[in-house]
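Some features that Swiss-Prot has for this protein:
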TOPO_DOM  2-17  topological domain 'Extracellular'
LIPID     Gly2  N-myristoyl glycine
TRANSMEM  18-33  transmembrane segment
TOPO_DOM  34-58  topological domain 'Cytoplasmic'
BINDING   Cys57, His480, Cys488, Cys490  Zn(2+) 1 binding site
TOPO_DOM  59-445  topological domain 'Extracellular'
DISULFID  Cys86-Cys247  disulfide bond
CARBOHYD  Asn89  N-linked glycosylation site
CARBOHYD  Asn111  N-linked glycosylation site
CARBOHYD  Asn179  N-linked glycosylation site
CARBOHYD  Asn240  N-linked glycosylation site
DISULFID  Cys292-Cys305  disulfide bond
DISULFID  Cys314-Cys323  disulfide bond
DISULFID  Cys377-Cys398  disulfide bond
CARBOHYD  Asn378  N-linked glycosylation site
CARBOHYD  Asn386  N-linked glycosylation site
CARBOHYD  Asn403  N-linked glycosylation site
CARBOHYD  Asn408  N-linked glycosylation site
TRANSMEM  446-466  transmembrane segment
TOPO_DOM  467-507  topological domain 'Cytoplasmic'
BINDING   His468, His470, Cys476  Zn(2+) 2 binding site
Amino acid sequence: MGQVVTFLQSLPEVINEAINIALIAISIICILKGLVNFWKCGVVQLAIFLCLAGRKCDGLMIDRRHELSHVELNLTRMFDNLPQSCSKNNTHHYYKGPKGTTWGIELTLTNTSLDSYANMSRIRSLAFGNITNCDKTGEAGHTLKWLLNELHFNVLHVTRHVGARCRVSEGAGLLIQYNLTIGDHGGEVGRHLIASLAQIIGDNKAAWVGKCDSHCTMDGKCNYTNCEGFTHYNYLIIQNTTWENHCSYSPMSTIRMALNKVAYSSVSRQLLGFFTWDISDSSGAHVPGGYCLEQWAIVWAGIKCFDNAVMAKCNKDHNVEFCDTMRLFDFNQNAIKTLQLNVENSVNLLKRSINGLISDSLVIRNSLKQLAKIPYCNYTKFWYVNDTITGKHSLPQCWLMRNGSYLNETHFKNEWLWESQNLYNEMLLKEYEDRQGKTPIALTDICFWSLVFFTSTVFLQLVGIPTHRHLVGEGCPKPHRITSNSLCACGYYKIPKRPTRWVRKGK
């Protein structure tokens, strides 16, 4: 340590010596070059790889500045007023009550009848959702009415089902049984009822496979086990239950049901409006320049912002799932919040407006892909290419699913490489347009024509234009200018008809 202090104290004297300065320069160059070589040799990269191997990465780096990122949307709050469905398995399906309630409705497909159970009677009327003699809970009325209307009437266009029975005991809770083997005047209503249920659930195969054994206690609670096998169901059991996160639910099934009437008819639609979003800071003040998803709208904590370029693409191209989802967010933020409607009016407003907000062809296309076991979109997770230097994003694309799980990044490598290339092209095009806007047109013209002039002169210089005549075998006649007869006007060259030739200047 003392040697270092002594060296620092004598540093001014050392620098005075030229040889010492040269040694210092060489030492610095060697150290810097050694560090560069050490970084390029791969030892540091190997150590980083071994430390991070097997751990989750925040993003997949495509190149030095582009990163593959994703955003996972939380659509549940958007449809607080609508029941949201999910499936635990092929036989147990659930509906969550609106506005964050802790109760729900359980739908179970089984081959075991409850007709022998006490206090079961035929439902008086299913017209307009009238189940007053069945609904003894006093809390599931709105959800159950919506379920019956959408599941039964809007799909089947009938007002009764002769095989429907319910429990009428006071305080015993909700218990409704559909006998799916009994036909109505319209034919196999029960089978169509199951198909309608499959539309809401989102998996057309789930409603047709398996069977369950029921175990009912004296207090009216039924448990269903051994849900397996390959047979058609005979009964649909509807009962109230507590909401304990039985399964992860998605509102896209509800959207599919809301689009049911439009989905199977040839109806041309136009987008209701363009995006009017802007960025908001932490205090809620609007800052023009893009759109930020609030914390409730995404699965992970924080704010995710997309610039105006992404929103402009959504205004231009309507055939993208991400843009449809953003329209739903925009509608939820502005329409329902501004109008401050009650629950039932909000449901009606959403059902009427949803056909102008999202593309029903996309919903149907993804439903068909799911049915055909082709990777499909569930409108929840979207990937995009992020420029880590400029902060620009590509238009997010849906992260496809297969068999209930998201595809690996390698399955759509060509897609995100293409988006990365498009992002580079857009950046270069924008820089070119910016430069064009800052450069005067006259200066551009001068530069262009000067380049043309320079190229022409180079060509002429290479060709070599002859400038004067020479007498063959003699020196340069300048300053005399010889005619074609080898004569000069001044009389210096007097012998006519001598052989001449054209030569360049300086020859």
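Each residue's number is its place along the chain shown, starting with 1.
Every residue, even glycine, has its Cβ placed from backbone N, Cα and C.
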- [ ] Could you list the residues of the same chain, at least six apart in sequence, whose Cβ is under 8 A from the Cβ of His468 (Zn(2+) 2 binding site)?
- [x] Pro477, Lys478, Arg481, Ile482, Trp502, Val503, Lys505
Task: Neighbourhood of Cys398 (disulfide bond) by C-beta distance under 8 A, where only residues 6 or more apart in the same chain count - done: Glu321, Phe322, Cys377, Asn378, Tyr379, Lys381, Phe382
- [ ] Round to a whole number and give the Cα-to-Cα distance in Å for the pair Asn408 (N-linked glycosylation site) and Asn240 (N-linked glycosylation site).
- [x] 38
Open item on the list: I'd like the number of other C-beta atoms within 10 A of the C-beta of Asn386 (N-linked glycosylation site), please.
Closed with: 21
- [ ] Residue list, the topological domain 'Cytoplasmic' (467-507) vs rest of chain: Cβ under 8 Å, 6 or more residues beyond ends.
- [x] none
Open item on the list: Are there residues at least six beyond either end of the transmembrane segment (446-466) with Cβ under 8 Å to its Cβ atoms? List them, or say none.
Closed with: 502-504
Task: DSSP three-state assignment for Asn386 (N-linked glycosylation site) - done: strand
Open item on the list: When secondary structure is assigned with DSSP, how many helix, strand and coil residues does the topological domain 'Cytoplasmic' (467-507) contain?
Closed with: 0 helix, 8 strand, 33 coil
TODO: Which residue among the binding-site residues His470, His480 has the fewest other Cβ atoms within 10 Å of its Cβ, if you could check?
DONE: His480
Task: Assigned conformation of Asn89 (N-linked glycosylation site) - DSSP reduced to three states - done: coil
Task: Alpha-carbon distance [Asn386 (N-linked glycosylation site); Asn89 (N-linked glycosylation site)] in Å - done: 37
- [ ] Taking only the Cα atoms, work out how far Cys323 (disulfide bond) lies from Asn111 (N-linked glycosylation site), in Å, as a whole number.
- [x] 43
